[in-house]
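Enquirer: Pulled these from TrEMBL:
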BINDING   N107, H112, E117  oxalate binding site
BINDING   H110, H112, E117, H158  Mn(2+) binding site
DISULFID  C33-C48  disulfide bond
DOMAIN    63-213  domain 'Cupin type-1'
SIGNAL    1-23  signal peptide
Amino acid sequence: MASPSSFCLLAVLLALVSWQAIASDPSPLQDFCVADKHSPVLVNGFACLDPKYVNADHFFKAAMLNTPRKTNKVGSNVTLINVMQIPGLNTLGISIARIDYAPLGENPPHTHPRATEILTVLEGTLYVGFVTSNPNNTLFSKVLNKGDVFVFPEGLIHFQFNPNPHQPAVALAALSSQNPGAITIANAVFGSKPPISDDILAKAFQVEKGTIDWLQAQFWENNHY
């Protein structure tokens with residue numbers, strides 16, 4: 001007969017296995033599930049297009065990611081290729097982005113609510129970092145050169161900045177979601193529609209309401225295209 005300690009050990013092991021099963025995304029149940037964007041069925045993602053109508057173009061896009069992009073007023077341009085551009089990415093849990101940085105340009109602090117990001121510098125130098133959650137809010141940062149790789153954990157605020165005043169920079173990012181989402185912190189806080197009350201923001205940031213009003217009056221441009 002098993003001892004009480006053996007039963008406890010078995011219970012712990014079963015709990016760990018169950019936790020892993022719940023925490024992980026299920027594996028695809030077929031080779032692919034090309035997004036049917038015209039389907040009236042509402043699911044978490046997109047319904048599958050009938051496989052008999054699928055062809056190679058559903059997995060392809062002439063994205064010209066080798067071509068430099070024009071940057072915006074914060075000095076960056078994110079060209080994201082996700083399930084909206086390649087329907088074959090549906091259920092596969094991956095997307096890719098080219099990021100262009102002007103001299104002294106930045107991809108401002110933002111989060112991806114549904115994805116971890118791994119970034120590779122293709123040209124130039126980048127100062128990058130992410131901040132951990134409360135209560136520590138620890139900054140992990142690094143200067144990256146051509147060929148270097150850095151990881152931004154899912155959901156954490158992160159940024160990239162090109163410190164070179166004369167040369168642009170380029171990076172390629174892979175993200176662990178077909179639709180990672182992006183929340184640019186300044187845009188969300190000061191550019192929401194309708195606006196967040198200036199009383200709330202003034203108290204949160206410990207500044208005068210006039211400062212908040214000025215910030216909310218700015219044009220908060222999106223750099224994701």
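Glycine is no exception: its Cβ is also placed from the backbone N, Cα and C atoms.
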Enquirer: Could you list the residues of the same chain, at least six apart in sequence, whose Cβ is under 8 A from the Cβ of H110 (Mn(2+) binding site)?
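Expert: Spatial neighbours, sequence-distant, of H110 (Mn(2+) binding site): I157, H158, F159, A182, I183, T184, I185.
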Enquirer: Write out, in the order they occur in the sequence, the residues of the chain not among N107, H112, E117 that have a C-beta within 8 Å of the mean position of the C-beta atoms of the recorded oxalate site.
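Expert: These residues sit around the oxalate site: V78, A97, H110, T111, A115, L119, F152, H158, A173, L175, P180, A182.
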Enquirer: Within 10 Å of the Cβ of H112 (oxalate binding site), how many other Cβ atoms can be counted across all chains shown?
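Expert: So the number of other Cβ atoms within 10 Å of H112 (oxalate binding site) is 23.
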Enquirer: Return only the integer: C-alpha distance in Å from E117 (oxalate binding site) to C48 (disulfide bond).
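Expert: Here the two Cα atoms lie 26 Å apart.
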